[in-house]
Structure formats: structure tokens, C-alpha cells
Amino acid sequence: MEVGLQVQRSFSYRRHVFHHKTSSKIKPFIGSFPLVKTSHISSITSWRSKHPACGFSFEITASADFSRRRQRRTSTARPNSPAPKGFTPKAPVGASTQKKDTKNNGEEEGSNTATVSQIMETHNIINIGPEKDKKQVAEIPREQKINKDKKIVEAASAESEKVQGAESNQVVENGVISRSEEVNIEAKEIAVEARQSDNMKNDRILGDESVRADERILEDAMKLKLEMEKNLRKEQIERIAEENFSRGSRVFVYPQLVKPDQDIEVFLNRSLSTLKNEPDVLIMGAFNDWRWKSFTFRLNKTHLNGDWWSCLIHVSKEAYKMDFVFHNGHNVYDNNNKKDFCIPVEGGMDQFAFDDFLLEEKCKELQKLAKEQAERERAEEEKRIGEAEEAASEADKAQARAEAAKRREALQQLIKKASSSVDKVWYIDPSEFRGEDMIKVYYNKSSGPLVHAGDIWIHGGYNNWKDGLSIVQRLVSTERKDGDWWFASVVVPDRALVLDWVFADGPPQHAVVYDNNHRQDFHAVVPKSIPEELYWVKEELQIYKKLREERRLKEEAIRAKTEKKACLKAETKERTLKRFLLSQKHLVYTEPLDVQAGSTVTVFYNPANTVLSGKSEVWFRCSFNRWTHRKGPLPPQKMLPSANNSHVKANVKVPLDAYTMDFVFSEREDGGIFDNRDGMDYHIPVFGGIAKEPPMHIVHIAVEMAPIAKVGGLGDVVTSLSRAVQDLNHSVDIILPKYDCLNHSQVKDLQYQRSYSLNGTEIKVWFGKVEGISVYFLEPQNGMFLRGCIYGCQNDGERFVFFCHAALEFLLQIGSHPDIIHCHDWSSAPVAWLFKDNYKHYGLSKARIVFTIHNLEFGASNIGKAMLYSDKATTVSPTYSREVAVHPAVAPHLHKLHGILNGIDPDIWDPYDDQTIPVSYTSENVVEGKKAAKLALQQRLGLKQGDLPLVGIITRLTHQKGIHLIKHAIWRTLDRNGQVVLLGSAPDPRIQNDFVNLANQLHSSHGHHARLCLTYDEPLSHLIYAGSDFILVPSIFEPCGLTQLTAMRYGSIPIVRKTGGLHDTVFDVDHDKKRAEAQGLEPNGFNFDVADAAGVDYALNR
């Protein structure tokens, strides 16, 4: 009997004489034994022939769990051979397995091998099993060996005697008998191996037949198993169907426990359904509340008793529920009485996990779409650039043709006047010449104004001075007696048609006297020049190339400037956001500072600076997206102490669809005292989310707007705030009176739109764009805004109330539903109560009113009424909000008042892209830019040019602006040899006349150091901001102030009084270092406290 054994690990054969045995752990296998060369076998038989009285045997011992670990059945090559109990030997597998084993043992493919049985048959006994269990030992008698195997071994034994040193070098490694030295096989050994190969083929055939028999047995067993499972499934379905039918239930699924990524069968009893008379039954459904992978399948009649129909459906691996209905393919449905059918899916995702999965899928889809969109934009941009390039090229060609034609006409007129010589004045030798020839130009010095000159020079060019001055040569005197002749040797330019020149008494930049042929210059035709047509073809091409290069350089400069501008803007936004987040650090901040969707952040909170100071516990309550997130508020979380002083902390997982993080703090888990930031809550922006904040529609109703109708800072704020909010992807409109003094040049695409009536007055509506903002201009036909001014009429209150009413009526007439209506100062304050009384319940119910106090000095009664009716109120700086808190118009409504610092528009006020200043600059070249601006300002205003300290003052001349301090600062600056430039006007004629007299006095006494421009001049204001070293703002009170912000934008140092927004924006270099650091800023100017001359001097002197 032959037994195939698979080696579990390498084992060694130890050679013994007489009764000694060897034990190894092996594992049965299906296949042949690792390859053994015939030469190795022959050496074994040779040893036996020399020691006939000796024998050796091997005891091959399996591990203790041998029988338990054997799972595969084995078969014997001879079915009648005995086998050990529990173990069925199997013959070696055929050629394919042998080939694989050959390669695994490093032998060449096709080499002759011996099976394990051929090796084992050289021994008396093979023991299988542990030594303690001798019952599992199987003895294989020598008589059962195959005769042909005997012949092989005997032949190999005979030939092995020729091998030298075989006995002393035999070892067994990894089941293969080998020698330490290479054995050379003789020709006879090759013949023996060939015979062995033939015999082994027969064994392989027997092995293949055995394998096929085993496969057939296994196949029959599998068929039997499947049949049994099928019958069991059938019985279960029949039982379930009977149970459902008896209960009157018309739908069930099998298996009854539905799991993800599984096939299920859905059954419908048609006789119990609305489809009982329908020949076709279909199922239509999807997963997870109809949100995932919809499907439609046709049901088929089943073998079940009753009218049962079914179909197979694969349950999605992301499913937590399957929703479906049945229909006939047309208009008859069974939808479970309008509730739809629903089957829960167990063991998979829950709803929140699926929502997160959808977000991840959406994120991938958005990334894919963004990539595709970027590719489309890139292709469109390339196409646009190509088309623009082609158009520009055609334009340049046309311009080159026109320029060449113009030059040709001028040159032809010149050729008509040219000559080859002028008697007794000049001539050329030789008279016939061409381009690149050396010629001599002779000049009679005594014929013209150079008769007394010591030196004579020729200054020349060609083709009507096409390339400017290209010939410069000193003339030398000749010995001719018929005049004072001088000459110079000159090389003719290769493309010259005409030579042009004058004579002078010296070289360029040093000549004083010229002979220029009575201002006609001298001209000589080149007799043998290149053909004129060829010249003009080349000339046109040269002009074209020059135009192309100029255009390329210009476009590159514009592109570089645009890219840098965008980069600077992005950096400014990033710095501003970071500064804003850091400005709250004494209360709350996060790590990391910029919160990314899908990340985990740590929120730090300092209760010591809030209403929760001293509380034993602090609880964190958080949600997302303005408290509207699908998951709702997160469970309250107790905050833990942190290593950062008095701060406590909590960790938050930010969902992928978050765009803002919203939170408040409380003293207990169930509430108690809350810190909700005075009703505003805490909000931190989230970046990188797949959801974006829904855009709001904001309408500003105002009476000023820069630059078309500006009196003060209100107009600037309306424009810059609208642009900033629009940049955040919100929709912004402005409604403005159509003044007759409107600056129409700044309105793009102004056109009449419609008209409507209010209380019998027709109002025309115009529409246009101002600084990229949509503006509606209301023009009442009663002439209220045809007064030549914005303010200053006796009935200003009546005019603006009418305008506010007209603006609300316009919104109602056009069916607009804004989210926010924003009104400003006393002039549009009536919007607040007119809206609540007349429009809130009549078509504009969605809107909320926001009212902003820009200056409480004017219209306090209107402001107080607007505070009462508005939903939220703001003022333009935190300090000013505290300053006005005691005012009777404000005090009752402090709960709705918030101080929000004003800002300027960095695109409008941008020294890098300002066309009104001589040199564009950034922080990188600010010194160069401001130096050029100062020089331009001094030149324009007639001031002494030089590096003198220059103080700029840009303001309305009112008592609020500290006009007595302005006058003192002017004289103080002049006393210290500085320069002063003032730009501004006074609405009060008395103040205006006072400053006119001051201007006349200063211009006469200090004309080179002082200039007062008592008017409004927008371009000049830009030049003053850029050219000044300091900007003075000595206001008595200042709600915010934009002058100091603009000054810092242009690199000028602000000198301000410590009040309102001036205090919030300017940090003294000597006294405000800590205050600036708390805001994430650096000191940036000088300030003073007391509104007197000493305070101004203190700041100016420093």
C-alpha cells in the first residue's frame, strides 16, 4: 500500500542500525511526496546491499490532535488494501500535483522523481500515530510491494556503487535525501530514470481516477444537502404562508429576520389585496424611508396554497428598513392603506449611521462635481483665452497695417523732398550705395549756423527717424579749397530707404548749436535700397510683433496684479477671522481655532468672565446650523477642568453637514442659569462642510449710499456692509430715493422698471447696479427729492417718512418676502413702526426689522420709537453702545441693542489697486508708495517738496469732530515745521466761513506748509490718505469713525481721541499693548483722553 503524506514542517531522518527508529511529526496530505532524485535512492539501496544483516526503520509519529484535525477524506490507490482505523490513505495525485511539488522543491520541471511509497518500501515498517497509541501503527509488509518498484530500486542500487563518497555524505533535509557534495549522474542512471518516469505515469493515472471518484462522491453529497435544504425551506414557507393567511395578513418575507446584504423573498396574497383581479403584480420600493436604491420587480405565482405571489429582492448592505408598495403596472396600488409596507432590517446601520453614510456619499459626489466643474471652467477659460488671443491678434494685425500705412505715407512724402546732395552744403560719396555700405557724408561748415563751431557732429537716423537717433559720428576736416568741408564715415543701416540727419557742434546732450536745414532736417534717398514692398511687409510684421509683445507684457502685469490682489484679500479675510476668534479667547475658543466639518474639536470656556462665575459645575449645550441640525441639540455635557487657568473644556464631534457650531452654557444639566451671550448665543463658523448656510434676502432702506449719495459715514457703511454680506452668498438689495443730485456716473445700467401709487402719488421705480449691489431708486412725482440736496430742507422729516412708506409699499407691490429689512438712523427709522402697523400682517410677515444707530445726536425721538418697534438693534461700536446706554431713547431697550464695530470695504480702499495714487503699494513696498504719494500731493497742492512730516485731516467740519482741536493741531504742526492738509466742508455756513478765513490766512503766511481744501473731493481724499504720515481725528464723540480705519489701510498713523469706535480701533503704542494683545492686534497709533489743547499736544509731540 502507498500512503501520501503532506509534511507539516521539516523533519529529519536519522540513520540507525538494527532496532533503532526515528520519530517525526507529519500531517496527511493529498498529493505526492517532495521530489527525490534517483541517485539518492540508489545510495540507500547500495548501503543495504553492503549490510544485508542490518535494517533500519522509521516511526513517523503524528501529533496528538492528528485525527481531530484531519478533515479531508483520503483514498488508496488499491481499494482492497488494508488501512488504519480512522484514516483512509490516498494515492499520490497525478501529473499536475507532481509538477507543482517539483517546483516547490526547487527541481527543474520535467525531472524524474520517486513517490513516497518508493522510499518507504525500502524499510520494514511505517508507524503512524503517537508512540503511546500503538494501535494506530500500520505495518506495510515487504510482500505487498509492486514488482516494478523493486526493479527500479534494484537498478538504482546497482548503479549507485559507481558514485564516490555516497555513504559518508548522505543527509536528509526537509524530507528529501541529499548529499553535501554534487553527485554526477552517469549515462546509465539517466536510462534508469527514464524507466522510472514511465512507471510513474501509470501510478498517476490510477491517482487521477481516484480523485475523480472522490469528486463525484462529494458532488452527490452536496446535491443531497441542497435538496434537503430546499425541502426544509419549502416546508417553512408553506407553514408561514398558512399562518399569515389564517391571520388575514397578506404580506410576509422569507427569511423572517431580514439582514443587510441578503436575498429575501417577498410574498403577497393577491386575493387579500386590492390587486386581486389584476393579472400583473409588481413591487416598487426603496430602502431607508425611500431614500436609497429604489427598485421595481414583477411578482410570479407560487406553488403555495392560496393566491400567493412572490419575487426575490436583494437587501442593500446600507439598509435599516425596506419600504415598498404593490401595483399593477398602471394605476392600481396596494399601499397598505396609504401607509406603505415597511420591513425592518436588523444588524446593519441605524438611521443616524445611514445619514452619515449619505453625507459621506454626498461629500464624494460634491468633490467629484467640483472636480468636473473645475475641469469645465479650466476648459472654458482656455477656450476664452484662445478666443481672446485670436481676437487680440487680429486687432494687432489691423493696428499694424494701419500704422505701417501711416508710416509709409509719411515716408513717401519725405522721399519726395529728399535729394542726393545740396550744392555747396552737403553730399555723399559714393553717390550710389546700399544698406550696410560705408559712405562718407560731407558738410560745408561755412554754409550754415555752424560756421564758428570748433567741432562738427552728425546726429542721424533713417526712414523718418524710425528708430530714433542711431548714427552719431564726429566729422573731420578735409583739404578742399572750395569751402570749409568736413566729413564723417557712416555705415548705412541695412533696411534704410532714406537717411535722416542734422549737424551739431557737439555730441547728443552736449550740443548747443544745430544745423537742421531750417527745421526740416537733412534727408537723402538710399539709391540701392531693398524693394519698397518687401520693406513694408517686413515693417508691418515688425510693428505687429512689437504690439504683441506690449500686449503680452500688459496682460501678464494685469494677471499678476489680479492674482496678488486675490491672494491679499484671502489673507486679509483669514487674518480677520482669526482675529475675531481670538478676540473671544477670554471667554471661549476652540482647538483647533478653525473648526472643520467631520473633525473633533475641544471647546474651552472661561466662566470667570460670565454670569456662571463661581458655579461648581458648567454644562455645555451644543447644536449646529443655527440650532436647526437634523440631529437636534446634543445631550448636555459636563465640562471638565483644563490646564489653561480657569477654563473648562468639552469635546465635540462636528458632523459633515455642519456650517456653524452653536452653543450656550448652563450651571446644571437641567438648566438653571444660562450664559447665552445676552440672547445671541455663541456661534463659531465651520469650514469644509457639505452643507452651506441657506442664503437670506436682506433689504436695506437708507437715504445715503456711497459713492452716489454720500454725506457722511452712513453712506459708506450702507455700501460696504451690503457688499460684505453679499460676499457671504446672501441676496442684498438697497432702496434709495432718486435724488436730482444723484451721481449717475457711478450707476451702471440704470433703467426705468415700473411705477405704482401711494396715497394718490405716482412713484416711478428705477433699477441699477452700484458697486455690484442691486439698487432700486424711488422717484415720487411730488418733487420731494428734487431739492438739489440730501439733507437741509425744512421738511426733511416729512420727506423721509414718505420715502420709508413708499419703500415698504414697493416691497409689497412686487411680492418680495425679505428675511431682514435693515433701516438706518433717524432718517429711515420710520420703517420700523410703519412695517409693524401696516405691513407685518398684510403680506410681509416673514421679515424681521433690524435698526442701526449711526449717530444718536440727530433724531433721538425717531430713534427711540424705532428701538421700540425693531426686532434687533445695533450700533456701530461696542464702546459707543455703552456710551449711549443711559440715553432715554435707548435705555429701555438695552436687551436688544448690540455694539458691532464698523468696517471699511478693502476693495474700494485698496492702495494696491487705487488709480488715484501714483504708485500702487502693499506692505512690501509701503515706503516707496507713500513717498511717491507725498510728492504727488505736495506738487498738486503747491506745498514745499521734501521729506517733511505731513498731517492729514479729512472730516466734516462740525463741533462733533472737534473743530477747535483741529485748529490748534494745525498751528501746532506748523510750529514744529510740519505740513498740514485739510479736506472737508461744514454744513453750517458760519463754520464754513470761519475756515475760509483761516485758509486765506494760512495760504498767505504758510503757503508752502499748509493747504485747506474746503470741499468734498473723493480722488483727493485717496491721495491724502496715501501721502500723509499721520491722520488726525480729534472727535469730541465718535460712534465709530471710518477715517482712522482708512488711514491705517493706507499706512498712515492715526492720532485720535479716546472715544467710541476710535477707542475700539486705535491702540496707543505706549499705553495699549495689553489691550491690543487681547484683541490679537499690535499697537497702531496714538491717542489722548481729554478734549483740549494739551491732549492734542501730548499725542502730536510723541
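Note that Cβ sites are derived from N, Cα and C of the backbone, with glycine treated the same way.
Per TrEMBL, the feature region 'Disordered' maps to 66-115 (among others).
Taken from TrEMBL, the feature domain 'Carbohydrate binding module family 25' applies to 261-346 (among others).
Feature annotation from TrEMBL assigns compositional bias 'Basic and acidic residues' to 374-387. For the compositional bias 'Basic and acidic residues' (374-387), the DSSP-based tally of helix, strand and coil residues reads 14 helix, 0 strand, 0 coil.
According to TrEMBL, the feature region 'Disordered' maps to 374-402 (among others).
Positions annotated as domain 'Carbohydrate binding module family 25' by TrEMBL: 436-527 (among others).
Counting residues 6+ beyond its ends, the coiled coil (537-564) has Cβ neighbours under 8 Å at 392-393, 396-397, 399-401, 403-404, 407-408, 495, 912-913, 920, 922 in the same chain. If you look up TrEMBL, you'll see 537-564 marked as coiled coil.
As a whole-number mean, the pLDDT of the domain 'Carbohydrate binding module family 25' (598-687) in this prediction is 94. According to TrEMBL, the domain 'Carbohydrate binding module family 25' annotation covers 598-687 (among others).
In the domain 'Carbohydrate binding module family 25' (436-527), the DSSP tally of helix, strand and coil residues is 3 helix, 39 strand, 50 coil.
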